[in-house]
């Protein structure tokens with residue numbers, strides 16, 4: 001018997017590896033009509049893992065001190081071997097994570113996969129989206145550049161529009177009246193400890209729900225596209241006669257991951273500064289506000305919404321309503337039909353929502 | 001048979017690419033984590049001779065460790081490694097006794113770095129020193 005087979009038998013006799021493989025991989029059946037969009041979750045897991053690894057590596061040299069942070073980041077970029085690569089992977093990866101997460105959510109909306117009994121999958125996913133936005137925002141301050149400093153000033157200032165508690169909330173977020181060294185300490189601890197733990201926990205919950213309820217069937221190419229679950233008792237959504245996760249769908253997962261990595265490394269190697277305006281290379285100066293400070297691309301639509309409304313509170317309220325509506329969407333859209341072309345109202349809102357978001361972001365960029 | 005060999009070939013290509021990527025990634029990470037070298041200054045350190053007090057010592061970072069220059073009663077300058085040869089603690093200059101004491105285990109060295117007493121097995125390492133126009137260069 002070969003050494004590998006001996007190890008396999010040794011493990012199988014103790015923890016039942018064979019049964020585990022049969023149950024979770026080769027015997028784990030997915031719908032035959034499953035498509036590539038379902039692999040975005042695996043892509044996101046890889047991105048999160050890369051963010052954790054590059055983040056831990058950055059912690060080796062990064063100094064979370066207002067006097068030293070910018071210098072330590074400059075040193076990572078210029079002095080440490082391959083430091084530029086680690087930092088660029090982390091910075092580009094954070095942007096890519098938001099983009100892929102948006103695509104994942106849009107595909108779930110389009111295919112009606114959020115519908116019962118998967119409301120909790122949607123809610124945990126939506127919370128994850130907000131946590132990822134939070135970890136991106138807190139990470140933005142850490143290089144302590146002019147861009148970091150003033151983008152954080154603008155972002156935290158928005159909370160001041162909330163009646164009664166707004167002023168205190170801004171001070172609480174900043175650890176003082178203005179953005180300063182205490183803000184860096186707060187954002188650093190939230191960025192490297194609190195949010196990664198929360199994201200890890202919610203990923204665990206999201207995967208548990210996926211495993212427990214079963215993968216949804218895409219609504220395309222079927223005669224009957226209505227939701228058949230009656231809502232009376234728990235039912236695992238099995239797919240008899242489906243394709244096994246291993247090796248069939250794992251190959252699709254790997255293909256999507258490799259396509260993602262190809263795009264990711266193209267950005268890292270050929271246009272690394274696409275997400276870095278010139279103010280990102282100047283150390284923070286609390287006495288000199290640079291012109292045209294803009295937030296990251298994924299906050300541009302929110303930024304422009306605040307500008308469109310004459311009252312900042314109204315702008316915040318509108319965004320709050322939209323986010324609450326999206327968070328509770330599976331409880332609002334209770335129709336049984338899942339095919340997007342048989343849901344004209346949904347499809348109209350879906351397309352116009354995407355167009356509006358992109359238009360507001362472009363407007364925000366050029367305004 | 002043809003399909004099997006093609007599959008094997010593609011598998012080998014993919015495995016090779018994966019291996020090359022893993023090696024490139026591991027090389028980057030190991031280089032990133034390796035200690036930084038002092039190539040920029042050629043490992044030398046310079047300071048003004050006035051920074052060394054009469055009969056006193058000046059300690060400084062030197063090639064990732066600690067060095068010391070002392071001014072002996074005769075006025076001569078001596079550069080030594082400040083790392084005790086016993087267990088690597090930093091020795092201290094005792095101005096009144098004109099010798100080095102290692103506080104960890106009581107090892108003593110004279111102003112030339114030779115062992116006077118205690119557990120150190122070897123004298124302190126001597127460092128090259130050069131004085132030009134009032135500037136001391138060690139290394």
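Cβ from N, Cα, C; glycine included.
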Request  = Match it up for me: which of A:3-29, A:84-110 does TrEMBL list as transmembrane segment?
outcome  = A:84-110
Query = Of A:148-168, A:169-189, A:190-210, which range does TrEMBL call transmembrane segment?
reply = A:190-210
Query = Which stretch does TrEMBL mark as transmembrane segment, out of A:293-312, A:313-332?
reply = A:313-332
Task = Compute the average pLDDT of the predicted model within the domain 'Cytochrome b/b6 C-terminal region profile' (A:235-367).
result = 94
